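Let me begin by presenting the structure, written as structure tokens, before commenting on it.
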Amino acid sequence: MSIHISAKKGDIADKILLPGDPLRAKFIAENFLEDAVCFNEVRNMFGYTGTYKGHRVSVMGTGMGMPSISIYARELIVDYGVKTLIRVGTAGAIDPEVHVRELVLAQAAATNSNIIRNDFPEFDFPQIADFGLLDKAYHIAREMGVTTHVGNVLSSDVFYTNMPERNMVLGKLGVKAIEMEAAALYYLAAQHHVKALGIMTISDNLNDPTEDTTAEERQTTFTDMMKIGLETLIAND
């Protein structure tokens, strides 16, 4: 048991999907896992362990933002021995070539957060995905026929910004989308020598506000991302 997770040792698999929304974790467990058992309800941050195609995997919500995912991911790694973590979440497109319901695989994550700078104030430490996971996820997505973009994302501490034009400049530099967690997850993976990847479904297009999705759609309909995440988790077994 850790401070924020009530599971016992052995309750959590060494491979886990991390949606931000705990209800998306519940949806994944109920619709993709067999014999799923809930291992955490603390703060309603639901976590489940079951099997997917005969492989033991877990799924747990992380909440919104880098402070929240940093708490849960660290405890999963340090207290429960998780070795592979894949974030499955949503993002807003800023690259004009990226559209709603398409996928982004976060090759690297820029950030405006001070979480990493707190440790490295003199320079910028690059947050990068595990290449093996990235490569597997890309080929699985291609085989499934899912439109998928690979590139950098911005992990932002700010959801409602007063200067959106600054973010849009990044789109012109090839940054695919804005989200709020990947940089912190990648930094934790680097610290603890584990594997991490961010897979995001585009839920909003900041270049075209008419492209959007409902809260219910974000919770339950992004199944391609969920399947790709699960298939990537078990690809090494």
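From the backbone N, Cα and C atoms, a Cβ is placed for every residue, glycine too.
These features come from Swiss-Prot:
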type: ACT_SITE; residues: Asp204; note: active site, proton donor
type: BINDING; residues: His4, Glu179, Met180, Glu181, Ser203, Asp204; note: purine D-ribonucleoside binding site
type: BINDING; residues: Gly20, Arg24, Arg43, Arg87, Val88, Gly89, Thr90; note: phosphate binding site
type: SITE; residues: Arg218; note: site 'Important for catalytic activity'
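Features recorded in Swiss-Prot, as mapped to the structure shown.
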| residue | record | Cβ contacts under 8 Å, 6 or more apart |
| --- | --- | --- |
| His4 | purine D-ribonucleoside binding site | Val42, Arg43, Met45, Ile71, Tyr72, Glu75 |
| Gly20 | phosphate binding site | Gly61, Thr62, Gly63, Met64, Ile69, Arg87, Gly89, Thr90, Met180, Glu181 |
| Val88 | phosphate binding site | Leu17, Leu18, Pro19, Arg24, Ile28, Ile199, Met200, Phe222, Met225, Met226, Gly229 |
| Glu179 | purine D-ribonucleoside binding site | Gly89, Thr90, Ala91, Gly92, Ala106, Val153, Leu154, Ser155, Ser156, Gly198, Met200 |
| Asp204 | active site, proton donor | Thr90, Gly92, Ala93, Val100, Glu211, Asp212, Thr213 |
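Ranking the binding-site residues Arg24, Arg43, Arg87 by other CB atoms within 10 A of the CB puts Arg43 at the bottom. DSSP assigns Met180 (purine D-ribonucleoside binding site) to coil, not to a helix or a strand.
In the three-state DSSP assignment, the secondary structure recorded for Arg24 (phosphate binding site) is helix.
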